[in-house]
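K.L.:
In case it's useful when we look at the structure, here is the feature table from TrEMBL:
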TRANSMEM  113-134  transmembrane segment
TRANSMEM  141-158  transmembrane segment
TRANSMEM  202-224  transmembrane segment
TRANSMEM  236-258  transmembrane segment
TRANSMEM  264-286  transmembrane segment
TRANSMEM  332-352  transmembrane segment
TRANSMEM  364-383  transmembrane segment
Amino acid sequence: MSPYSGSMYHGSPLLLSILGPLTVKTIGGQPSHLLCSLVSVFADLISAILIRATGHSLVRAHGHNLKSLGLDKLFKDIEILPSGDIAALVYLWNPFTIVSCVGFNTSPIENLFVILSLYGASAGLIPLAAFGWVIASHLSLYPLVLIIPVIFLLGYGLDAPPRKLFMQSNSRVGEERPVDRVGLKSVTNKPLETKIFSWRPVILFFLWVSIWILYVLMLCAIAMKEHGGLWEMFKRTYGFILTVKDLSPNIGVLWYFFAEVFDFFRNFFLIVFHVNIIFMILPLAIRLNHRPCFLVFVYLAISSMLKSYPSVGDSALYLSLLVLFVNELAEMQFSFFLFCGYVGVSLLSPVMHNLWIWRGTGNANFYFATAMAYACFQIILVVESVSAMLNYDRKIRKLCNTAKG
């Protein structure tokens, strides 16, 4: 039987071949979905471990950069929080993560490969980064946009203040270099290491990406050999995502919009919504190229807002990545307002869904109002977090000018 017979499944045939048998097995008479939930829990545990490791790398890089710029003494009174530990706990104990496991959503597995790609790129493990990116893109398509921050991670390294500050510091070191008149030797201060983009790991990354893509396509071709081949898989997975054929209510906004729009304009608005994600990629990449890990968070949050079939598991991922920058975003505004907004939407959304679908005492506008509020809170979160990060970079720049002036 074809994995796409009916309309229930539109994911990877490889994932179905792994998780499908678990849905028909039982453990001591327990329901069959228990095994699937355990797989999600195991995936979340691995994701939390990788997030913790990435956070520790970011904290070390943060301290090293401040020391390189001569600002470590200015920040000695400010406690640097272990962002990796906090982010891992936020991911594990986030209600969105728990709901994804209980409801047997494939989001934990998709999140695992996204985090695997991020960890591999931050640790310099190129085959692992390529594998995570290929599988994550194969499972849900939207992680394709993460190739830009992954390239920045491999080429430039972990997040750091703007590279212009290191170049200015090096120029000042050269100008202020004292000279030993007896030996005619300059007493040099050690110049700061200016990060120059390295093409070698990027080329190796694309080489490994090609290898993993061929391997995945070969396995998919074998799985779909008797069921229409790769074209059938592309049409039922990526085509299903891009055409938004399923208008079942979810926490996104596209289902309501395309239920109301005239068919004559449907293709036009499909292009508008999908291209909107692409239009945001380049400006953000130019402005935040020195902070690739933070750029991953921004891209994931934007994709979660505009994707065809979002889930709460998407929010669990980008919220945990946001916590990795708790030290840089300490002065972020509207934090309490956003926290209350997320809690309120999380409580109201199931209530409005119940009133509309099960009790029949409400209508679609009840539930769509919570979806709109959820989208607005996500927009505010992205805007305020990006503004806070840019303000932090400006603060570092002012401190450098003051210290060197």
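For all residues, glycine too, the Cβ spot is worked out from N, Cα and C.
Note that TrEMBL annotation is computational and uncurated.
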K.L.:
Residues of the same chain, at least six outside the transmembrane segment (113-134), with any C-beta under 8 angstroms of its C-beta?
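P.N.:
Same-chain contacts beyond the flanks: 47, 50-51, 53-54, 57-58, 143, 146-147, 149-150, 153-154, 158, 201, 204-205, 208-209, 211-213, 216, 292-293, 296, 300, 317, 321.
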K.L.:
Taking the transmembrane segment (264-286) as the first stretch and the transmembrane segment (332-352) as the second, find out whether 3 or more Cβ pairs fall under 8 Å, excluding pairs closer than 6 in sequence.
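P.N.:
Not in contact, no.
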K.L.:
Output the single range from 202-224, 332-352, 364-383 maximising the number of Cβ pairs under 8 Å to the transmembrane segment (141-158).
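P.N.:
Ranking 202-224, 332-352, 364-383 by Cβ pairs under 8 Å to the transmembrane segment (141-158) puts 202-224 first.
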K.L.:
Can you tell me which parts of the same chain pack against the transmembrane segment (202-224), counting only residues 6+ beyond its ends and a CB-CB cutoff under 8 A?
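P.N.:
Distant contacts of the transmembrane segment (202-224): 3, 12-14, 17, 126-127, 129-131, 133-135, 138, 150-151, 154-155, 230, 232-233.
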K.L.:
For the transmembrane segment (364-383), find every same-chain residue at least 6 residues outside the stretch whose CB is under 8 Å from a CB in it, and list them.
P.N.:
249-253, 256, 259, 298, 301-302, 304-305, 315, 322, 334, 337-338, 341-342, 344-345, 348-349, 352-353, 355-356
